[in-house]
Amino acid sequence: MVEFSMANAEAFIDEDDELEEEPGEEIESAPPLNVGEEREISSNGLKKKLIKRGHGWETPEFGDEVTVHYVGILLDGTKSVSTRDKGEPVTFKLGQEKVAAGLDCGIVTMRKGETALFTLPLETGFGSTESDSSLNTVVQFEVELVSWITVVDVCKDGGIIKKIMEKGELIGPPGDLDEVLVRYVARLLDGVTVAETPEHGVEFYVKDGHFCQALPKAIKTMKKGEKVNLIVQPQYAFVDGDKDCENGVPSIPPSSILSIDLELVSFKPVINLTGDLGVLKKILKEGEGTLTANEGAAVTIRYTAKLEDGTLFEKRGFDGVDALKFITDEEQVVAGLDQAVITMKKGERAIVTVKPDYGFGNTEVKRDLAMVPPCSTIIFEVELLEFTKEKDPGEMNNHERIQVAQRKKEEGNLLFKDGKYQSAVKKYEKAIDCINEDEPFEDDDQKIVKSLKVACWLNGAAACLKRNYFQEAIKQCSKVLEVESCNVKALYRRAQAFMETADLHLAEMDIKKALEIDPQNREVKLIQKTLKQLQAESNMRDAKLYATMFARLSNENSSAAKRLKVEETESKNEENV
């Protein structure tokens, strides 16, 4: 339902009319009518006069079921027909022109409770579609829009028609991964009930489906608290019927059309945090505000950790056991729990399902209450009690920025020693971020900042070499050499990376320069020997390659010469003949 959608507007535009509109441009609609005001609302001459304002801002769309009162007025001003005389409004589907041709185009501009007078221009083909000849001269209709039901063709093929009986909250719709709580009653068209949930409803994951395939398809279009009626064709229900009869509920005959009254009571969002279903977070209780813990935040959580079979192997923050405090993004907990906590708000409670790649991997781990077998999926129920976000460098003065950078560099060094190279690289990057020169440093501080940057780049390059990230190692060393062109460590590590990427000539240049600066450097001399071995092997491979190429060319030339000789002999023989 929209106030005045482009779909509605198309009904008022002639095929010959050109809508001068740039892509993405919205055409400003006319201001709303005042009571007593009349206006032409379509290019076909349809006029609308507002008699009584409606409620809200929503209007029906073509395809919706509207309930209206109307009074038809003849050319001479007398009343022709009236639903008020019958005492009951009429209900019909917009777009089928059940009352009068063109009248539906006016009804789609009305709000609930609104009364308006529509004038239909007979000369342009508007008029009654009813068989009652007494309406053929009706030129005006006074219409009251009592209510309407939004009708949605869920699959766009008529297989699942959804009528919204009661609107929900502005929460939803649920996605494939979400867990939903629904209530429903399924009936045949003759009213016989064939399936019904308990009063408290039934829970399931949308992706797993339930009852029939129409249910999850419809649920993915609903809001929390929404109540609908579904008319489900057999291809989305039970083409072959359901012959099982349980709890006294009749079986479903083959090719039956079902009418399902469905309510989406609530749902728990499930978020795919890693994009590969490796870490899923199902929110049980929303947290406070909008802020979430970030990388490097100091957090306090309480949790229980179980295996998929329900075995409890760890808990913190319950039964007298202290809650867990840690710094995010420092590998102090398993990666999956770390990634989940970073997305949580204070007070939020969630179930976090962690696959082995983001948990303990393929190793067996002894925990407080039980052993965790290799390749185990872990299920945490975790609550974020409080957190303190890491201070942004922009909020610090220069002295604080240098102190934080020094601390992060040292933390990176400790991670490097523990073999946590990826986390070490992150620490070095954060240290450099703290001292990027958005604001100039004083001369004494400049020396410290330069020294810190060089140390972080060099250590970062060493960590990248350990992780086989050779291009990144080259980049880090090159940054050092931009500010210290004679830094032997940078030349040495960049040469190592070049050797790994088979850029032997570039490696030779770096080694040569390093030995010019420090001729006795033992480490550089060692990789010089390795480089010479690699060059010799490369030369042998090249020699073999070229020998093969020359042999192939020689064979091809020999074959060509033979063919030419044969052709010349045949030519001479032909001449002699």
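Placement of Cβ uses the backbone N, Cα and C atoms for every residue, glycine included.
The structure displayed is predicted, hence computed values, not measured ones.
The compositional bias 'Acidic residues' annotation in TrEMBL covers 12-28.
Among the features that TrEMBL reports, domain 'PPIase FKBP-type' is placed at 63-149 (among others).
What TrEMBL records for 177-268 (among others) is domain 'PPIase FKBP-type'.
Secondary structure of the domain 'PPIase FKBP-type' (296-388), assigned with DSSP and counted as helix (H, G, I), strand (E, B) and coil, comes to 11 helix, 40 strand, 42 coil. Taken from TrEMBL, the feature domain 'PPIase FKBP-type' covers 296-388 (among others).
TrEMBL lists 11-41 with the feature region 'Disordered'.
DSSP places the residues of the repeat 'TPR' (488-521) in helix, strand and coil in these numbers: 27 helix, 0 strand, 7 coil. Residues annotated as repeat 'TPR' in TrEMBL: 488-521.
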The domain 'PPIase FKBP-type' (63-149): DSSP-derived helix, strand, coil residue counts: 15 helix, 37 strand, 35 coil
The domain 'PPIase FKBP-type' (177-268) - residue tally per DSSP class, helix then strand then coil: 12 helix, 37 strand, 43 coil
